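These notes are about the structure you will find just below.
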Amino acid sequence: MRVLFVCHGNTCRSPAAQALVRHTCPHIETDSAGVSADRVTAPPTPAMRALVEAEGVDMSDLQARRITPGDFKDFDLIIAMDYDVLAQLKRLRPIGATAKMEGFMDYMPGATVSEIADPWHTGDYPAAFELIRQAADAFVDALKDQPRQ
């Protein structure tokens, strides 16, 4: 299975999700991207990187990139961090694309929030990270019922 995590700029939420899932499920091919080209090639933000690496998860190899039309065919599943990103993905999706698209918080139906706010704007990196960590755990649990590809 190939999974792409997507947020706005690919420097906070989606690389954190990628790193956590990749760490837990190395048999799943993961990547991350943003719908914006504002920070292409930038590393994850220091605040998010510190939170992820405090969990013993390396993300030093990650850098921001923008989603491409090919991603919609190359990945089995594209996971958006919020509804605005999901709406943008639906507009960007090329005809004939095969990837399934979902929200990350869809894996936590009992959660009190339905999307992960962008800490780039809110400044609340710990709150965003905690939601990402919980959603990553729920996502990994959901994958346990699926055969390895």
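Every residue gets a Cβ built from N, Cα and C, even glycine.
The structure displayed is predicted, hence computed values, not measured ones.
According to TrEMBL, the domain 'Phosphotyrosine protein phosphatase I' annotation covers 1-142.
CYS7 (active site, nucleophile) falls within a strand when secondary structure is assigned with DSSP. Sequence-distant contacts of CYS7 (active site, nucleophile), defined by Cβ-Cβ distance under 8 angstroms and a gap of at least six in the same chain, are ARG13, SER14, SER32, GLY34, VAL35, ALA80, MET81, ASP82, VAL85, ILE116, ASP118. Sequence annotations record features per position, and here TrEMBL assigns active site, nucleophile to CYS7 (among others).
In the three-state DSSP reading, ARG13 (active site, nucleophile) counts as helix. Per TrEMBL, the feature active site, nucleophile maps to ARG13 (among others).
As annotated by TrEMBL, active site, proton donor applies to ASP118. Secondary structure at ASP118 (active site, proton donor), as computed by DSSP, is coil.
Within the set of active-site residues (ARG13, ASP118), the lowest number of other Cβ atoms found within 10 Å of a Cβ is recorded at ASP118.
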